[in-house]
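As written in Swiss-Prot, here are the features:
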| type | residues | note |
| --- | --- | --- |
| DOMAIN | 11-175 | domain 'TIR' |
| ACT_SITE | Glu86 | active site |
| DOMAIN | 189-446 | domain 'NB-ARC' |
| REPEAT | 584-606 | repeat 'LRR 2' |
| REPEAT | 630-653 | repeat 'LRR 4' |
| REPEAT | 655-676 | repeat 'LRR 5' |
| REPEAT | 698-721 | repeat 'LRR 6' |
| REPEAT | 744-766 | repeat 'LRR 8' |
| REPEAT | 767-790 | repeat 'LRR 9' |
| REPEAT | 792-813 | repeat 'LRR 10' |
| REPEAT | 837-860 | repeat 'LRR 12' |
| REPEAT | 952-973 | repeat 'LRR 14' |
| REPEAT | 974-996 | repeat 'LRR 15' |
| REPEAT | 997-1017 | repeat 'LRR 16' |
| REPEAT | 1044-1064 | repeat 'LRR 18' |
Amino acid sequence: MASSSSSPSSRRYDVFPSFSGVDVRKTFLSHLIEALDRRSINTFMDHGIVRSCIIADALITAIREARISIVIFSENYASSTWCLNELVEIHKCYKKGEQMVIPVFYGVDPSHVRKQIGGFGDVFKKTCEDKPEDQKQRWVKALTDISNLAGEDLRNGPTEAFMVKKIANDVSNKLFPLPKGFGDFVGIEDHIKAIKSILCLESKEARIMVGIWGQSGIGKSTIGRALFSQLSSQFHHRAFITYKSTSGSDVSGMKLSWEKELLSEILGQKDIKIDHFGVVEQRLKHKKVLILLDDVDNLEFLKTLVGKAEWFGSGSRIIVITQDKQLLKAHEIDLVYEVELPSQGLALKMISQYAFGKDSPPDDFKELAFEVAELVGSLPLGLSVLGSSLKGRDKDEWVKMMPRLRNDSDDKIEETLRVGYDRLNKKNRELFKCIACFFNGFKVSNVKELLEDDVGLTMLADKSLIRITPDGDIEMHNLLEKLGREIDRAKSKGNPAKRQFLTNFEDIQEVVTEKTGTETVLGIRVPPTVLFSTRPLLVINEESFKGMRNLQYLEIGHWSEIGLWSEIGLWSKIDLPQGLVYLPLKLKLLKWNYCPLKSLPSTFKAEYLVNLIMKYSKLEKLWEGTLPLGSLKKMDLGCSNNLKEIPDLSLAINLEELNLSKCESLVTLPSSIQNAIKLRTLYCSGVLLIDLKSLEGMCNLEYLSVDWSSMEGTQGLIYLPRKLKRLWWDYCPVKRLPSNFKAEYLVELRMENSDLEKLWDGTQPLGSLKEMYLHGSKYLKEIPDLSLAINLERLYLFGCESLVTLPSSIQNATKLINLDMRDCKKLESFPTDLNLESLEYLNLTGCPNLRNFPAIKMGCSYFEILQDRNEIEVEDCFWNKNLPAGLDYLDCLMRCMPCEFRPEYLTFLDVSGCKHEKLWEGIQSLGSLKRMDLSESENLTEIPDLSKATNLKRLYLNGCKSLVTLPSTIGNLHRLVRLEMKECTGLELLPTDVNLSSLIILDLSGCSSLRTFPLISTRIECLYLENTAIEEVPCCIEDLTRLSVLLMYCCQRLKNISPNIFRLTSLMVADFTDCRGVIKALSDATVVATMEDHVSCVPLSENIEYTCERFWDELYERNSRSIFSYKDEDGDVYWVNWDLMMMLMLI
């Protein structure tokens, strides 16, 4: 497609179509013109012009006054001298660079048009009869040049409607390109494309309002300006208005002023007078307008200017840019485009554009550029400001500037970001600071409890000052976080003791060590610094917190909560030389992992305490007596190995979560736990003795974990809370669950390695159950009735050695995805006629007594049976029609697959080791198949017709000793990357009329009957032919231009090696060791010792199973300094080797 930039404003037409009326006027062309018209694209039509042999002057003028010509080549196009003369004129404009041209091929082959052959060529030759030679040459030149341009071949599109829309969008993008000045904003085209889709510009009747929403500095206004510039030519009446906050009590005057500004802009009348409301609606009711309102923060501004879409004419578009999502909701703007932060890759491109004027930074700047992008959190404003400030500086200057960039905010960035903060009310400003200084990354539910705020968080999220993730976490952009902390720091005037929040280690150390804290301090969060230093992290005196009477949030050691740190003595990082005698009474959050104290101060009353988190501590007990714990909602003392007792919980009536897991010294739970009637989560795995009678009052308990725990008493388990959603009890000592337990809320049951013999009697209401883990329960004889387990997705029973069968009710588990029954030694049979269409994984490995496997309807991506081949019967009706989407079926006695085998959904077929003579008759639909493994199928005499396996990437036929050749249908495997046929000793030849365009690896090693050098792909990179009967390396080996590795050692029959092998510039290794029959090889050739720097890539499977130890291990030893690996988008692993030596080894 031509890329002319010539588009003078004097052009009358956007598009000139050249076409054969008899072919397309009433069909394709009419639809295309309608689509262009919907996009406000002015298309010339030849109504009223009488066609003749001589092109009319009106048409010549129209062609010259069009910005784009669309030439529709069809069957009869070349039959018209009129069309051909039009084409000549279009060709002239194109060659002068005055016009863009888009060729469209409607039912004709582009090459036929280009070469004037085929049916199109026959028609053209007939038209050329009796025509002057110079005229014919002009036609030929025009046809050849125009058809060579990038265009659209309608034969390749899914539907004609799709292609019409595609062409119309292409024309629109070329007519209305991205304006100059926005090129540095990498990715802006994608934003504009998405917004234009929402605007539905092809609809001429609709009046549409769209919101563009996102945080400050993310590029909303830039995107809006670029979009406005691109759309402006399609709207005669248009206006771009930026909201400016005003103060004053004259609300009416302010509204009239807004209306005047909009109308003056849109009508082009500077002296317009407005003395009453509603003039916007009156003046613009019948006008098609484009209005963009930027930086809107006032609902009245919207109501005044764009109160309703009906105020404007058909086809109008209103775009509102704001940081406040609630404002859009209030104005009932439902179509909202959220501008999200760019990806890391895009951010790096942006910083590179601003700093270096190109898409990627120089190699020695990459790390620095990446750090700058991280410092500004990929915020486009930050990328622009810092990138521009670093432009033209050398690396040393970048390095010198980094400390300042890490610690200080740029004034321009801070000024922009502060606008959103300044617009908040006083209460929400405080909330903003709390999150910036302390609660960034916390759960929303947790912050609501600690700050006693609900509405404010929603407000901050709507104003893009925080983001609430789908998992319920609060995320604040790091530049906003830095802004909030700077605001708190500024109020203290350099005195850390007067700040509300202390998060800097040096500030905390000064305040805590010197005991200078004041009542201003609300929160202290000790950062995880100096973890591995020899000196203590923090020295805390016995009364360090005494002056901080209003301290509510104390977090010490919020580093990773894994047990590793206890191994290296993290407790020593906090030094309490006199212990601790005081903790502020108003504490709501006390998080002190690895606390070295044996107990908390006796003066601490915990009246306001909401969260107590002290994992991996040295606590032996928390406190003496009963404390007023009415506010406490979470207590987490997990992995506190010295903890011998937990306090009286009589007054902890609001406690919702209690974690005592792995408290190895804790023997039992106190009876007072029954008072925690709101307890929803109880983790006490490893607590030695549990009286589960204490659970009887916990009617709200949903999550119970008692792994490794014994049960008090000998009467068995008599009660489990009814509302349990998750029960985790590995190594459970009971024989069955209580008969009165109703599992209607149960989502996950995990009782691995238990002593269970059965779960319960009868049928339970298991509609909520999704996961059941009973593996390793060697006494389990039966699993319960699953009739009502309609949502069960995972059932793990492997190692259940006493299990004999599955209940027929499993057929009701139609959503079952995973069924694992490995090593069920006594399993004898499955229920008949199973319908498990959702099943993706079925494993029956190690089930030696399973003697029949009846019909099963499922959709597997993995299926494995690995038992003794003499102990399984498989009937011809083994598979129903809707077979697994993937199949791994080993050691089967069938001579061929069942006649009803339908593998259309199959992605991975592994029947290695089977006794098949052939897989199936005829052609199967294998469009989904990506990998096929028939290895070690010694009876296999032919592989199936693979004509339709167009997506197959890997084919393994190793050890198929009865295979003599491959069918020519493998030529359809255009995506095949690897073909392995090692030790196919019966293989004599491969097809010679195929070229597998994607094949990189071909392994025929050990094919001792193969006499002919394989030439089935010109893209081969690795060719393994050792121990074959090949007699000659032919001269056409030079066609294998990508060949990097050729192994042919021990080819005893090899007699001739063509010198053309030296023309292979990519060849790095050629091994002809022990080829004793060579009579003409390289006797007069000079061995190449080294080659220029280059890269060779050999793809390996995800499991690195094709390691080719005989070669790669040797290379690695020699080149280990320069080998690295990576995975491509399909998961293929690549070894990349630099500076490899070429080895030509002969004896």
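Residue numbers in this text run from 1 along the chain shown.
Each Cβ is built from the backbone N, Cα and C atoms, and glycine gets one as well.
Among residues of the same chain six or more beyond the repeat 'LRR 9' (767-790), those with a C-beta under 8 A of the stretch's C-beta atoms are 725, 735, 743-760, 796-807, 809-810, 812-815, 820. Secondary structure of the repeat 'LRR 2' (584-606), assigned with DSSP and counted as helix (H, G, I), strand (E, B) and coil, comes to 0 helix, 4 strand, 19 coil.
Long-range contacts of the repeat 'LRR 14' (952-973) within the same chain, counting only residues at least 6 positions beyond its ends with a Cβ under 8 Å from a Cβ of the stretch, are 912, 917, 926, 929-943, 945-946, 979-991, 993-996, 998, 1016, 1101, 1130. Listed as Cβ neighbours of the repeat 'LRR 4' (630-653) (distance under 8 Å, sequence separation of 6 or more from its ends, same chain) are residues 449, 563, 566, 588, 598, 606-623, 659-667, 669-670, 672-673, 675-678, 683. Counting residue by residue with DSSP, the repeat 'LRR 5' (655-676) contains 5 helix, 3 strand, 14 coil.
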